[in-house]
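A.B. asks: Sharing a structure, written as structure tokens. Questions coming.
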Amino acid sequence: MHHQSEDPELPRTTTYDIKGAILQLNLNRLRFVSTMSLLIFSTMFAVNFYNHFISQSDTTNFILYAIPYSLAILINMLAFAYTTKRFNKKYPFKKNVETRTFFQYSYLIFMLLLSSIISFLDQIYFNHITIFILYLVLCCCAIIMPIKRFIVPVTLSSLITISSLMIDMSRFSSTKMMIIFIIFLVIILLVLNHLNYKIIHKTLLQQQLLMEERLHSQQLTKELQTAANTDELTNLANRRGYLHHIATFEMKLPMRITVLIIDIDFFKNYNDYYGHAYGDIVLAKVASTLHEISKDDQRFAVRWGGEEFLILLEDHSNEEIKQFYTDFITQIAHFNIEHMASDISKKLTFSVGGNSIYLENLDEINDCILQADDAQYVVKRSKKDDFLLLDDGLTIYISDDILNHC
């Protein structure tokens with residue numbers, strides 16, 4: 001049954017996964033870096049192979065270059081495969097954030113160290129450190145991590161590169177300038193990386209706050225809608241909730257619909273005898289019983305007003321309708337609610353009237369309710385504590401007791 005009180009709640013708190021979002025950004029950037037790296041190192045490997053073995057114009061030790069090139073190609077192939085896995089969807093990192101952070105941090109370390117080793121060889125043989133500078137800039141600008149994670153690999157790779165410059169001190173002035181350049185470049189890139197991380201982290205934090213505020217607003221709106229459509233005492237739908245529910249019938253027409261009107265017998269006497277506080281308890285127990293037996297999606301319970309309740313049954317046979325009435329009376333009897341102020345019983349009793357129609361237009365349901373109300377009135381003016389069921393105004397079920405009192 002579609003009670004307003006049963007609408008699923010939005011999460012009370014929703015954590016926007018900032019770590020996962022940063023990992024996703026790194027994942028996208030690593031895809032680009034690894035792709036470019038594969039092109040660069042594959043080309044350099046092929047060029048060195050050609051110069052060394054085919055044109056024989058290169059006298060350097062090919063094996064010294066082949067090892068770091070091969071490692072760089074292998075690492076970037078793994079990184080590329082990692083970034084293109086099918087399960088890497090939006091924020092896939094909630095369960096293994098640390099593992100994936102470790103992978104990305106390992107990539108940073110290996111690429112900086114490999115680039116410094118290659119530049120060490122380049123400085124010795126060709127007097128340049130281009131690869132190290134390239135990957136220092138790429139890693140510091142592309143990979144988003146706290147500065148403390150960058151300091152060790154950047155410092156270590158920078159020292160390796162600087163040591164290559166210090167092997168040949170014959171050009172002390174240019175070597176000194178290059179060392180100063182590397183130091184300043186490292187400082188600038190670390191500062192830029194730190195600022196970049198702070199800006200992105202702040203942006204994601206703002207997105208988190210906006211998302212939580214939006215969800216909180218949606219939850220409040222839902223709660224307000226629920227409160228507006230729900231009777232506070234019984235937690236069943238009120239008349240506004242009833243109107244909201246029957247609006248859903250528009251998509252189901254034509255359909256068979258049954259309306260039951262349930263009224264507590266001598267309820268005014270009950271309130272006068274026991275007090276309104278106990279009367280409210282009785283209403284709540286009746287409502288909980290109706291709630292329990294109306295959980296089916298084709299059943300809907302409404303507090304119609306005072307001690308009256310309205311039930312909507314979709315596509316129920318006459319036998320199913322009578323069984324609903326029987327289940328209600330049986331379950332309410334379990335509460336064993338006494339009613340010493342009743343003229344017909346020492347226990348709580350009910351007068352129930354129902355009417356079924358084949359609904360083709362929503363406006364017709366009002367006539368169905370009136371006929372159900374008439375049936376309920378017939379029960380009340382006879383002996384009460386009984387059930388009368390109509391089908392489009394024609395009697396389907398009536399007890400002998402009602403007939404005898406009519």
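Start at 1 and count along the chain as shown; that gives each residue its number.
Positions of Cβ are set from backbone N, Cα and C atoms, glycine also.
These came from TrEMBL, pasted as-is:
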- 32-50: transmembrane segment (TRANSMEM)
- 62-82: transmembrane segment (TRANSMEM)
- 102-120: transmembrane segment (TRANSMEM)
- 126-145: transmembrane segment (TRANSMEM)
- 179-197: transmembrane segment (TRANSMEM)
- 255-392: domain 'GGDEF' (DOMAIN)
A.B. asks: By a Cβ-Cβ criterion of under 8 Å, what residues six or more beyond either terminus of the transmembrane segment (126-145) are in contact with it?
C.D. replies: 22, 25-26, 29-30, 32-33, 104-105, 108, 111-112, 115-116, 118-119, 154, 157-158, 161, 164-165, 178, 182, 185-186, 189-190, 192-193, 196-197, 200
A.B. asks: Report the mean pLDDT of the predicted model across the domain 'GGDEF' (255-392), rounded to a whole number.
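C.D. replies: Summing pLDDT over the domain 'GGDEF' (255-392) and dividing by its length gives 94.
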A.B. asks: Check the transmembrane segment (62-82) against each of 32-50, 102-120, 179-197 and return whichever range has the most CB pairs under 8 Å.
C.D. replies: 32-50
A.B. asks: Residue counts in helix (H, G, I), strand (E, B) and coil for the domain 'GGDEF' (255-392), per DSSP?
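C.D. replies: The composition, in the requested order, is 60 helix, 42 strand, 36 coil.
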